[in-house]
Structure formats: structure tokens, C-alpha cells
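Here's what Swiss-Prot has on this protein:
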REPEAT    90-129  repeat 'WD 1'
REPEAT    132-172  repeat 'WD 2'
REPEAT    175-214  repeat 'WD 3'
REPEAT    217-256  repeat 'WD 4'
REPEAT    259-298  repeat 'WD 5'
REPEAT    301-340  repeat 'WD 6'
REPEAT    343-384  repeat 'WD 7'
REPEAT    385-415  repeat 'WD 8'
């Protein structure tokens, strides 16, 4: 094995090692999820050297430099305020979802008008309209980190795969017998998973357009699904009050996560694939051990349905969004509530962290989106201007752009 090159990933912090083995170029990553500005660099380098044979004495100084660069980024102060850059009359009927590509240079909007549109973030220009569905386009996703393909899931029971560059439709995936309401690409961008009101999830091959497997095991609609970062596991959340963990290569059930007393609204993996979070209409969120399937904690405190849940990039924090009009941030170490985000005047349907993990963004039926400080729980900014409820919001990877999607048929870009 011979080390060829090292490069870094900012969020979550990590160092990539490109190396040669048996004449082939390979890559491995050293995750530095606990890195802070206070981390002792010398000590960390010693730990890395002890654990990683590719790191020899000749490259220790470079490793130190890379860690210092990551520390600088992690410790960056984030004082920015967001301003409305563009309000886009995106669709003739209400939007269903919005999503960024990895770099944030483009984003997509799905709509009741049966189309998905691709937009240029910098100019607000429409790049492509993806037409062909015969009903509402409900679930949409880029194949991040690549960003060259888009998948759309529709109430017409099909999923379509498109070129993000040309807007051309590669494949239409047929097989579900009811509406498709959630979908995701695996991290390798070789598979698309779709979840449907027909109680099944399906895996589709991106290259051939063929169905790979049907994941049958739920007794009610599948409303949410998520791949882990290695792509070998998929979790599905259902109205049958359970989540199921699946082995992707075999299509077999690994664990049934049962314990909620109401429908599941959202399921998420953390970055290192060790935890799964489930949000439920039973007013709670549960955290599960992804390996053994045990429930590690029930996160309580909301007095109405929990509608969304997400991890920050390092997997150390969980944010919840509830119909009670509040959001909460919990520690994955202690499972204690660190702060309560209060200020919205109606249910919060969406919550997300910026990549740095310093901010939380929420979308609410009160027609506003809010930016919150994770450390203090203070509301830093109210993004106003939509004339109807906001159901979707997203940060780009750099954390300097926000998109909000509303039932007023518009999408807003905030810089």
C-alpha cells in the first residue's frame, strides 16, 4: 500500500487518503467527528498514526496542517444574516418539496402541477422543466454528492430518473400500485429507493432501470426512508407505527423497530451509521442502535405530533420539529434536550441543520422560516414574505444560501 495524496472534507470533518494497492487506486477516510478548535493536534496525530498504517512519519506535518485547516473551519464564527435574493413564481400549483445539489449551485422544486423544475441558485433562472408525470410530483432528490441525476416520485405510482444537465428522462420505474411519497439515492448513486402508499419500498438500478428488489414487511403506507452513508442499509418508516431496517444487497429485513404508539413521520441515519432516529405522531422521537435494533432513548417534551427529525453532520445532535410549534435540539451522547426553539405561531413541518452544525432552520405553517442558534436556542432571524404556509426548507452545503418552498406556489432564495 502506498499513499498517493491526502485531501480534506469540511463537513463532517475528515481526511481522505488516496492510496495504491495492487495497482489500483483506492480511497479511505479518517472521520474526525469530534474535532473542535480546542482539540490537541499533536495528540490527535499520534492517535491517527497508531490506527492508520498509511500515515508514516514523512507525512505527519501535512496531516497536522490539514487538521489545523479543519479546526479553522469548525471554529469559524457565523454572524451572517440572510436576505431575500429572489422570489420565484416557481409553479402554477403549490410546491411539494425543494432540494439542493451538493454544491448548492442548483436546486429542484416538485409541484402539484405534475412537474419538477431545476433552478440555477446564483441567478434564480429556470434551467429545466421535467415533464412527463401524470399526477402530483411529490418526492424529489438529487444523486448527491454527484448531482448529475434527479429522481422524482409521483402520485401516478411511478418514479422517473432524469439527467440534471439536459433534463432528459432516462427511465420510468413502474411497479408500485399506489402513490410514491418518498425516495432516496444510495450514496454511490447506483440505486434509487422508493417508498409508497402500497406499503412497500422498492430498489431500482440506476444504470439499467431495472427493479432490484421489493421490500415488503410493513402493514401500512411507507412515508419516509433513508440510506446509511455506506449504502448497505436502508431504513423505512411507516404508518403501521414501525420502522424497518433492511439489508440492501439481499433485500432482507434486519430489524423491526417497534415501540412507537403512533404513525412514523420521519426516519434518519446518523453519519457513522450507528444510530437511527424515528419521529412519530405519538409526540415522541426515538433513537435506536442501528446494529442491534434496540431503542436507546425516547426523546420526550413535545405536546403534539413530531413531524420531522434530523441529525447534524457529525451525528452528535438531533433536532425535532413538532405540530406544537416548537423545535428541540437533543444530544446523542446524553439524549438530554439542550435547547427548545420557541417562537413559531403554528406547526413546524421541517427542520434541518446547516453543515457546520451551528444553526437550525425551521419551516412553519405560520408562513415564516426561522434561523436559530444551536448553542443558545435563540431565534437569530425570521424569514418573512411567503403568503401561505412553508412546508420545506434547506441550507446549501456551505450554509450561505437557504431555499424555502411554500403553498403560495413560490420558492424563495435567501443569501
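Heads up, the Cβ atoms here are built off N, Cα and C, so glycines get one too.
When the stretches 175-214, 217-256, 301-340, 343-384, 385-415 are ranked by Cβ pairs under 8 Å to the repeat 'WD 1' (90-129), first place goes to 385-415.
When pLDDT is averaged over the repeat 'WD 2' (132-172), the result is 99. Residues 12, 31, 33, 220, 223-230, 233, 235-243, 245, 304-311, 313-315, 318, 320-322, 330, 332, 335 of the same chain, all 6+ positions outside the repeat 'WD 5' (259-298), place their C-beta atoms under 8 angstroms from a C-beta of that stretch. Within the chain, the repeat 'WD 4' (217-256) has long-range Cβ neighbours (under 8 A, six or more residues past its boundaries) at 178, 181-188, 190-191, 193, 195-201, 203, 262-269, 271-273, 276, 278, 280, 282, 288, 290, 292-293.
With a threshold of 8 Å between CB atoms, the same-chain residues lying at least 6 positions outside the repeat 'WD 2' (132-172) that come near it are 96-103, 105-106, 108-112, 114-116, 118, 178-185, 187, 189, 192, 194-196, 198, 204, 206, 209.
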